[in-house]
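Trainee: Quick one: this structure, given as structure tokens, is what I'll be asking you about.
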């Protein structure tokens, strides 16, 4: 039995293409892997606090006493990291906003990227500590950006996930959704076909 963690990060709730596709992924996965456990965390509905000068002090090893706000941030960081490490498959619904990921997803990453916990520095360079996972990124875009200089989502997510130890990453693209109903429907259809292929593998 595998455990699947789905991270939603769109601000558009039910209107979101990435949310709809991640819901489709969950439906297909449950159909093919009925014994697996699926956890869904909606980072827009339940936002992660923005990392600031006070909160960053809670995430670094220190003997200094923590403020109540820092204690809350550290407890949330511990919870998010434990959840991440407890799952085998990580599904990230990542819409493109202004060429990059959403603020909601970036805030999540800022709380799970912790030296000595999810990665460490060695004499040979950084080493990821979140290993043995597979990641599937479902990314929706209004325009066409794949393999072009305006796609900052794909390299960023590949780099971040690899940095913490997740190197088996597959991408599902839904592009051109702002080009009209016909293009949006094709984007959804192509993305669902890619999801079907991943789920069946």
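Just so you know, glycine gets a Cβ as well, placed from its N, Cα and C.
From Swiss-Prot, for reference:
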BINDING   10, 16, 17, 18, 96, 97, 98, 99, 140, 141, 142, 143  FMN binding site
Trainee: Which value in Å gives the longest Cα to Cα span across the FMN site residues 10, 16, 17, 18, 96, 97, 98, 99, 140, 141, 142, 143 as recorded?
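Mentor: If we measure all Cα pairs in 10, 16, 17, 18, 96, 97, 98, 99, 140, 141, 142, 143, the largest is 17 Å.
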Trainee: In the structure shown, which of the binding-site residues 10, 98 has the fewest Cβ neighbours within 10 Å?
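Mentor: If we count Cβ atoms within 10 Å for the binding-site residues 10, 98, the smallest count is at 98.
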Trainee: Validating a neighbour-count step here. Other CB atoms within 10 A of the CB of residue 96 (FMN binding site): how many?
Mentor: 23
Trainee: Count the Cβ atoms, other than its own, that fall within 10 Å of the Cβ of residue 142 (FMN binding site), considering every protein chain shown.
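Mentor: If we count other Cβ atoms within 10 Å of residue 142 (FMN binding site), we arrive at 17.
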Trainee: Cβ atoms within 10 Å, counted per site: which of 17, 140 has the most, among these binding-site residues?
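Mentor: The residue with the most neighbouring Cβ atoms within 10 Å is 140.
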Trainee: In the three-state scheme derived from DSSP, which category covers residue 140 (FMN binding site)?
Mentor: strand
